[in-house]
Amino acid sequence: MNKQSWLLNLSLLKTHPAFRAVFLARFISIVSLGLLGVAVPVQIQMMTHSTWQVGLSVTLTGGAMFVGLMVGGVLADRYERKKVILLARGTCGIGFIGLCLNALLPEPSLLAIYLLGLWDGFFASLGVTALLAATPALVGRENLMQAGAITMLTVRLGSVISPMIGGLLLATGGVAWNYGLAAAGTFITLLPLLSLPALPPPPQPREHPLKSLLAGFRFLLASPLVGGIALLGGLLTMASAVRVLYPALADNWQMSAAQIGFLYAAIPLGAAIGALTSGKLAHSARPGLLMLLSTLGSFLAIGLFGLMPMWILGVVCLALFGWLSAVSSLLQYTMLQTQTPEAMLGRINGLWTAQNVTGDAIGAALLGGLGAMMTPVASASASGFGLLIIGVLLLLVLVELRRFRQTPPQVTASDS
């Protein structure tokens with residue numbers, strides 16, 4: 001990576017064929033999951049006319065994802081990781097086929113949608129954990145920042161494209177097309193993933209899966225560095241739940257339906273800019289301090305967001321949050337991979353991802369509770385400034401993370 005450039009270097013896709021295969025598979029997978037994400041709530045709403053039933057499907061899938069992340073972490077540290085990834089993807093695709101066949105029935109089964117949602121949520125997260133644990137072996141630990149930034153861009157781009165395609169398919173062909181193409185896309189991802197090298201876990205003594213998972217918890221709690229990173233990640237995810245207040249704040253700002261879209265687009269746009277301008281992050285001598293400060297800045301942006309007199313200024317605050325949270329997330333990802341022993345990578349990645357999932361749910365619940373007692377403006381500000389106070393305390397308490405220093409990676413000729 002060129003020291004003189006702030007821009008992200010994409011050369012990793014050229015120099016590392018295995019990472020290129022993962023990049024391609026991940027992009028196709030994100031688009032496929034996006035088609036599914038549009039179709040499931042629409043189908044349930046059409047069948048039941050109940051937002052509660054739609055919410056139940058999201059909750060069940062989220063619960064299955066949490067369990068899948070826990071189980072996937074243990075499996076990724078115990079079995080050959082490539083096999084775990086392929087098994088999870090293939091099994092997930094079978095669930096999508098089930099959703100497609102159910103949608104083609106004269107009277108689709110609501111119970112089948114719920115059960116297949118549990119199936120897909122579990123196996124999708126199983127593969128995610130194994131892939132995260134395998135990444136250092138695919139790109140080398142010195143390239144993790146670059147790999148994380150490219151991955152973030154992939155996720156953001158796919159998240160923008162897939163709902164648009166999903167909406168067009170719903171308008172022209174119905175939900176069965178969404179499910180069918182999601183299944184096809186998932187099986188297509190197996191082709192590039194088959195080219196991956198063998199990814200065996202490091203040798204370690206066999207133990208009961210629950211005991212193995214508890215060992216991961218103990219490592220997380222015993223390590224001030226890794227535990228602090230995970231804690232910051234959870235708080236940052238809680239802050240992103242501010243999106244539940246967008247409709248109410250839009251009324252406060254008297255925004256049109258078209259303008260509300262800017263609120264939802266602001267954070268992904270800011271995050272994409274953060275990933276694109278992450279060229280120098282890997283060369284930071286004090287990544288822990290930078291992570292803490294960028295996290296504090298993101299909380300401040302949320303606190304100021306609801307106080308803005310004009311919606312356009314609120315959008316700027318959200319974009320700033322997206323940028324700062326991207327910086328913090330990239331540093332979290334890189335430090336977590338480099339500071340975790342190889343034998344623990346599956347479990348720690350599973351726990352880190354799981355706390356992100358639960359952080360979002362907790363943040364949404366807290367904001368919903370605040371919204372019942374306060375105005376939307378007060379709720380947004382209270383959440384942002386409350387997290388800012390907690391962040392300042394963590395800045396003082398997490399001494400090892402704050403003082404952590406690293407030797408910046410050497411610049412190679414291919415990076416210049």
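From the backbone N, Cα and C atoms, a Cβ is placed for every residue, glycine too.
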Swiss-Prot annotation: Arg156 and Met310 on one membrane face: no
Whole-number mean of pLDDT values that fall within the topological domain 'Cytoplasmic' (131-156): 88
The transmembrane segment (22-42) and the transmembrane segment (179-199) contact flag, 3+ Cβ pairs under 8 angstroms: yes
Feature contact check the transmembrane segment (314-336) with the transmembrane segment (288-307), CB under 8 Å, 3 or more pairs: yes
Proximity verdict for the transmembrane segment (110-130) and the transmembrane segment (56-76), three or more C-beta pairs under 8 Å: yes
Interface-richest range of 179-199, 219-239, 314-336 toward the transmembrane segment (257-277), CB pairs under 8 Å: 314-336
